[in-house]
């Protein structure tokens, strides 16, 4: 029979079958179905294919045994159906290039293909509906080819609809109605299929094919999610909801087969996409409180979508955590990306505080329990604390914020989880070390006034806290809860951070260490002081690490119990030469009054003897090191001993300083570092004794300073010169020396005021202000303000105005670019010996030293007085600004109110 004849015969048969009643279809099913299936396989006409498919589904499917559907029907027709559908997609893509409103033939062809595709999807929907209607519980093995083939068609349909703008270009309007119908049919088919799959139960004894089919279904639905995410948000969310539901429902049999990494990655991508959309909408919303605002309603819907995806991730992670080692990097990046868009990060989205709180209360709260789950994952710990994390600059602060959240959670975790986070190995740091390391990487956020949500004490108003304060407080809280077995790791992390060349890191570690000294036992504090003292003694020379250790020693010494201070003095006696340099780092104010007087006397005697030894020696540069140590310790005594330094000791120090000044050589000050140090120390000591120093010596000193400044000495020498100059304001200079000293002072100030080093210029302004406030020689003030440039600088300094304006955004950008390259290597590791039980009671800790209220009053009053004196001095030499009179009137009113308060008591 010819092909045309066969088609005609098939057409007659199909026409006849379409008129059969239900009873005949049921009776003739065994004989007719094989013939229909054969025709379906052999036919080359799309129209005939769809006719056969509709007859099978609508007339014969209802009479088939549901237990044998796979063998008798689905495995026979679905492969051919997929082949036909894919061919139609290819045909559409090819014909669409020729589509136009003038080319009716192509237009009709394309529309016919789209209509045929709609009919195919409708027939498949009928198959799914029949299976759902005839069974209460579905065995996947009886229909295992149906879900996979249907999902292939659904995905192909959605992809074609998504790409329709590019496929049909500017002629989309010619077929948009059919494309919309096609999308709706595919949407309906997927909903029907998900209802079917929801009726599937997989037991432990399920065969491997059924398990693989369910896994394939979940993965296919995940692929569909990536297609429809930008097409229909509600449908996208419902598909994810179904994926999570089925994954959890069948987890006992499919967990080892699922592509967990891809699922987690897709979920995280959808979370971030929704989150960024939410932020963009928040930035566009001008009135977040207006409920009728369309942008605000869309913002709320998107925010709920964020919460939904986060909850989905939470549930999935909870059940499959042991299978997620490969997903930990993705989860880590998710947290960092989200944190980077919130204060105090430089790259925060510009949204209102109300919207920030709304996002935090709706979305971010879900991430908190997710992090709690991840704490137990060794892979997550390894990822977050990796030694070679190499994060971009904008994620450095988010990393620290994440670690701070972790340390807040660790105290409630079992000891093994705490140990996991607090110990380190070859590939990862401990969490404490990681915080300190990353803290030194974001100088921008620390330099800006980034204030976080405040803290409120009992009966007190909320006070905003800085980023530094927040991190420091959380670290201290964690240290207070740390298990004793982890103290060696704490000590090692603190010491490594203190020895860091990054100032912020070092200061943070010192603050935490001081809290530990205050919170821990007196014995622990004494042990730490001894440890730091030994480290200082072992430093080979002056370096950043020595400076950091010396500051730490000075601070820790205040927390020592008196009994332990006595032991320290005995162990590190200043009478021993190798101990003397330690005492330049210890504030004598930390000692009790009696002990302070005793140690002051002893140290002063040792140091003055050392100076006299140098004076009676050969005065070589090689011997200057020991002299500088003695001078440095003497300066510490003078600055901190207070009344413990009696008149006899003051006289001895003054005499030896005067004798040493005679050996100062201007040329050596410029070229020899040891001479520079001695020169600076002598200037500071002279400044301390300025009221008792012989005026002839002061005249000599000023002459030397004039020569030194002309030679442009190192900055630290210039700073010492400024300290000395500021002290001269306290001094009354006799008429005989005034003409020699005062002009030189104005030259020195003028030279330093125009220095290009901004730090030196700032110190010059401060020193000049102190001098002007205290001096009785007012003529020198006008001499120093000789040029208009210097006068403007002084006025700007006093008015606290910025010399160069900069926008807030520019400040943030510049701060963000100032990334500090921190040298971070473990300098030392320290471990404590295991504590042994002891019968004696621990020593009483050092009582906290409160600043007396009267001293606070006096300090505040002196500050106000100095400010008025400075204003008075300026008025004598320059014209008053227009606003000054009104400000003085306001100040007078405030003084009257203060008087009334004092009188009322």
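Cβ atoms here come from the backbone N, Cα and C positions, even for glycine.
Small disclaimer: the values here were computed from a predicted structure and weren't measured.
Marked as phosphoserine by Swiss-Prot on the basis of similarity to another entry: 101, 796. Look at Swiss-Prot and you will find 845 tagged as N6-acetyllysine, backed by similarity to another entry.
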Between residue 796 (phosphoserine) and residue 101 (phosphoserine): CA-CA distance (Å): 75
Modified residues listed as 101, 796, least Cβ neighbours within 10 Å: 101
Residue 796 (phosphoserine): secondary structure state under DSSP, collapsed to three categories: helix
DSSP state at residue 101 (phosphoserine), helix/strand/coil: coil
